[in-house]
Every structure is written in C-alpha cells, then in structure tokens.
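Undergrad: Sharing a structure, written as structure tokens. Questions coming.
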Amino acid sequence: MKLQELVYELESKSEVINKNVDETMQISGLADNTSQIEEGYLFIAIKGFLKDGHTYIDEAIQKGAAVIIGEADLQNPGVPYVQVKNARKALGIISSKYYDYPSRNKTLIGITGTNGKTTTSYLVKHILASLGHSCALFGSIHNIINGVDYPSQHTTPNSLEINRMLSESNDDVVVMEVTSHALTQYRVEGLAYDLALFTNLSHDHLDYHDSMEEYFEAKKMLFDLLKSDGKAVINTDDSWGQKLADILKEDGTSTYRIGEMSGSDFRIVESNFNPPRVKVQEKNEVTSIDSNMYGIHNMYNVTMAYAAAKVLGRKPAEILSSIQNFEGVKGRFQIITRHDVNFVIDYAHTPDAIFHCLSTARQGGAEKVIHVFGFRGDRDRTKRREMMAITSELSDHYILTFDDLNSVSKEDMEKELQHLQNEHGNEKGRIVTDRTKAIKQAMELAEAGDWVLITGKGNEAYQQRYDLPAESDEDMVKSLSYQP
C-alpha cells in the first residue's frame, strides 16, 4: 500500500501535526512492536504506561522499518517520520485503512458495561450462530475466528490485531466485548458498529479512571462508533444507562431500553428463579423466556441478548429456542453440585457483582452461604471496603484468600487482608491465604443445602502456585473428595 493513502487517512481525521515523508513509497506492513517488524514496515511508536515506543525507534529502523509514526517532535530520525497528536488513535485509523475497513462488511456488535459483558456476548453469539450465522467472538476468555479458538491476552485486543483478525475472518457477524480501557486507548478506533449494548455501570477501575463520571464517559465512547444506521440497546434500570439512553435519544440514535421501569421497550414484568424464566413485554405483547442461567443479573443478560437479536430482525420463536439451549459460560455463575451442596465459580470482582452472586444464592434457598474471595494486586483498592461490607452482611461464613498477586508481595497482600478483616470484617470471616486450602476449608464447612461461592477468578488459571495440586478454582473443586 502507498504511504500516501495512510497519511491522507490521518490528515482527514486531523491527526497529523508534521510530516517529512515521500508519500509515493510503498508500505509492506504495520507494527507497533519491534518483534513484528519486517523490511518495509511502518512502525507506530506508542507511549505506554510502562514503556515508551519512541525509545525503540532505532531498533525498529535496524530491523527494516521504512517509516515511523509517533507523537514526539523528532528531528532527523533516519527514516521518513509522521508526527501525530495521538499515536494510539492513529494506529486504529491506519490499521482500519490498511486492512480495507474490515468491519464495514460484517455485522459488528459491541458490548460494554462493568458486569455481564462475557455472558451476554456468548449468549448473543449462541443465538445468532444457531440461526445460521457464522459468528466471530472477541472476549475475555478467548477469541473465536472462523470457528477456531485463540487465546485472549486482553478482553479487547489492540486496533492493529483486531483489524488483522477481522480481515482474516470469513464470519458474517462479529460479537465483541469492549472494555473502558480499550475505548480510552483507542483499540477499537476505526471500527464501525451495527449494534452497541450497555449492560450496567458500577464501581470498578477507579485506579484507572479518576471518577465514575470519567468511567461513564469512557463507556459512552463505544456509541460514537456506531454506523449511521446503528442501534443501541441499553439497560435503563441502571442510572448510568438511563443517562446514556437520554443522550443517545437526543443525538437521534435508534435506542432500545430494557429493564423493569415503565417505558422500557423490552420491559421485564416478571421473573422466576427455578426454573429460570423472565417475562418481557414489548408494547402489548408479553414473551416468556426460559433459560438455564440463575439470578437477577442473568435475567438482565438474557433480556439484553433477546432484545439484541430482536433489534437485528430475528424471529422471537427462533430466539427463544436458542436461549433455552444455551448452557452458560464457564466461570460465570458456573454451578457444580455435589452431595446437595452447590459450588459456584464466578468471575465476580466488583461490589455489584459480589452482591448479585450472594443474593442469587439466597434466592436459590441456600441454607448457608459460604464465600471464598480475595483482591487482585495492583488493582482498584477503593472497591475493597464495599466488597467486604457486602460479603460480611450476606454471607454466613467468608474466607479471605489470595487472588492474582501481580506485583504485590505475599507479605503485603496478607497484611492488606488482615487490615480489611480488622477494619471492615466481622466474626463470620477468616483468612486463609492459600487459595486451594481456602476452598478446601469452605468445603469442610459446607453441609447439604449450602452454597459455596468462589469468586474473582472465574475460568482463569492460577497465576501463582499453591500447596494443593490445582490449576484453577474449577480444578480445585473437582479434585477434592467431598463428603457432607
């Protein structure tokens, strides 16, 4: 591709500050990592949180980079250079152009929100696939392209990777989890969505966003990427969702509201725990939706997926049959029943998600609720007190343990758990830092009719080793012989 085409694309978006290039030269590829560079590539230098891509420009040139794009005001870097306002945004713009706008010829569905993204995305994919569509998926568990699973390093890959994968995809529908980090880091810049879904917004990532208002503004960015005829489905029982729907309506975006509130386009009028069922009213017609997923939070996930499929023009009877056949997602309120005790493995790592998990166990008739959980190192510390308050109130017993430590030492995390228990816990709680032993103790506490909830990790493998031989929470639950 001629460099001229990429530079023009950046100029049309007012991203170029300065340029010193021969626009007739040919570019053989794009890279934002020097390990990916081949002869004739264009290298985009991005200033990250830990490393600055500008310090790798010399290495990029040595490996064959023919052109550099960056934010710094560089004099004579040795090859043609384009200075831009925002290198992350520029990467999205030129990636989309280089791969010939691969999102434009597909039905692209983006799902954002604090909780429920994964379950909703898998359910939407399941519905559309069962109706004959070939569906790709980008998410926190893995990516699926042309029916092949690929490991997922980030919930939302960067823009270069997304556009490359979209260009290789023969799928006609793409379902994508879109995080606030992905939006503010312009990982989905240049994409064009047919449908955008908003699940909810609650306390999370305030170590990254300065406030809930800033967090909301980040989520709202997804809806700026809708195609001219794009549509939005919003949970307006959530106050932030109500605010978003009002903004979109004012902007003229075709917006559908779901929830229990009057005026909802898909109004939840009744729900049942066992068997899981939600009744949804559209105008004067009420539809009964049966599923295999328990809890109020899943009632919203099911309604949102149903609404999304309806908005895309699918027939209700086909949607209902597909939802009924959906088995759920591993690590998302995954129930393993042994000797009349329900062990639940869930990714819940926010106050709202913890509340819904524990409430669902209560709603399910739990004799006792036993909760095993921890806190990730280097992550939002401001939510820990609220999580402690919720579990202290709703659990009969709780065990504080390690989650992923990341760069935090075992000693420091143990001190943090002790502090949280002393300041915000009660007599129901104990600390067992080894996660495998914490799960074992929870099992020993449990009796028939009890629910043991193990939250925070979901389907993820353990990052650090523990004393008992297990690779994940599910592995641990299944490895122990339980006798009530």
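Keep in mind that glycine also has a Cβ here, set from the backbone N, Cα and C atoms.
So TrEMBL lists these for the protein:
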BINDING   Gly113, Thr114, Asn115, Gly116, Lys117, Thr118, Thr119  ATP binding site
DOMAIN    28-99  domain 'Mur ligase N-terminal catalytic'
DOMAIN    111-309  domain 'Mur ligase central'
DOMAIN    331-458  domain 'Mur ligase C-terminal'
MOD_RES   Lys219  N6-carboxylysine
Undergrad: To test your reading of the ATP site: which residues beyond Gly113, Thr114, Asn115, Gly116, Lys117, Thr118, Thr119, same chain only, put their Cβ within 8 Å of the Cβ centroid of those residues?
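TA: Going along the sequence, the neighbours come out as Ile111, Thr120, Glu177, Thr199, Asn200, Asn301.
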Undergrad: C-alpha of Thr118 (ATP binding site) to C-alpha of the residue listed as 'N6-carboxylysine': distance in Å?
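TA: With the alpha carbons as reference points, the distance is 16 Å.
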Undergrad: Using DSSP and collapsing to three states, where does Thr118 (ATP binding site) fall: helix, strand or coil?
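TA: Thr118 (ATP binding site) sits in a helix per DSSP.
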Undergrad: Taking 10 A as the limit, how many CB atoms besides its own sit near the CB of Asn115 (ATP binding site)?
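TA: Result for Asn115 (ATP binding site): 23 other Cβ atoms within 10 Å.
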Undergrad: In whole Å, note down how far the CA of the residue listed as 'N6-carboxylysine' lies from the CA of Asn115 (ATP binding site).
TA: 12
Undergrad: Going by DSSP, is Gly113 (ATP binding site) sitting in a helix, a strand, or coil?
TA: coil
Undergrad: Compile a sequence-ordered list of residues in the same chain as Lys219 (N6-carboxylysine), six or more apart from it, whose Cβ lies below 8 A from its Cβ; state 'none' when nothing qualifies.
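TA: Non-local contacts for Lys219 (N6-carboxylysine): Thr112, Gly113, Ser180, Leu183, Phe198, Leu201, Trp240, Leu244.
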